[in-house]
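Quick look at what Swiss-Prot lists:
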{"type": "BINDING", "residues": "86, 89-90, 94, 96-99, 114-122, 126", "note": "5-phospho-alpha-D-ribose 1-diphosphate binding site"}
{"type": "BINDING", "residues": "86, 117", "note": "anthranilate 1 binding site"}
{"type": "BINDING", "residues": "98, 232", "note": "Mg(2+) 1 binding site"}
{"type": "BINDING", "residues": "172", "note": "anthranilate 2 binding site"}
{"type": "BINDING", "residues": "231, 232", "note": "Mg(2+) 2 binding site"}
């Protein structure tokens, strides 16, 4: 077979991975082979599990993310575009907080290039609820770009933009455990967004993910993990944050009261089916009060800090509140639905 010599190239890399962290160059070579379909299933599984067993390094995260970025179907986004996304996988089953936050932030005038997928840890992922909202998520780069232009926000469905991952998907499904691929979504925005509000399913991921985004050229980011276990800023308690700003990382803790918001019981943000979550989203856009609104206001305030619009959470909450109450966030949803409804690709 013509790919046998290239598969041979994986053997020393797998051995190195079992002994210690790979160099960035080694990891990039390995992930290129995997995404080209030139490594055998056993080799791909062996490498993934060797890395997982000892813990992934920042160089390995950065290498995998860079290879995915290089191979993705790219989207041209406005300057200052940001992504608001979580890793998923927290298993908490909440309402769609980051999705609603993205539209509130877009309604406030910050371009949002949102990268997402279907459900991972809940009954309703971003793509599931957006579909229920009348948005066609299975669109190509040109439609996403038009959506960004007309609505100030575009949704990039991960499988539409990362076709090379098809070679790895069967391996991931057979392994059935969390691997490096569970955190790559937020690191591989097809629009090359350089500002991120990113949630992680585990607290020990937020610092290395922040380091990775710095390595990949991000300008500003908040990496967050809520004390309630969510991959978002918690409305029910404190949230650990690693902030990337001016090329430096610093850790901080935020609390709803820092933003002038009340603490709500975690049960009040639990979600349901895509249809139920979409209805909660519609109600929020129409002015419904309560835990969901406050969670979105809090996350939007943080996103506005990352975007450089404000420096304090309380100021961000006021801008986010105006985005909802003025109807701007709702108009952003309607505009994306309009743009995407005329396309099937």
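Just so it is clear, glycine is given a Cβ too, placed from its N, Cα and C backbone atoms.
This view paints the features noted in Swiss-Prot onto the structure.
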residue : record                                              : contacts (Cβ under 8 Å, 6+ apart)
86      : 5-phospho-alpha-D-ribose 1-diphosphate binding site : 98, 186, 198, 199, 200, 201, 230, 231, 232
115     : 5-phospho-alpha-D-ribose 1-diphosphate binding site : 83, 85, 156, 158, 161, 185, 186, 188, 189, 190, 191
117     : anthranilate 1 binding site                         : 88, 125, 126, 127, 157, 158, 159, 185
118     : 5-phospho-alpha-D-ribose 1-diphosphate binding site : 125, 126, 127, 128
172     : anthranilate 2 binding site                         : 48, 179, 181
Checklist outcome for this item: Once DSSP output is merged into helix, strand and coil, residue 94 (5-phospho-alpha-D-ribose 1-diphosphate binding site) belongs to strand
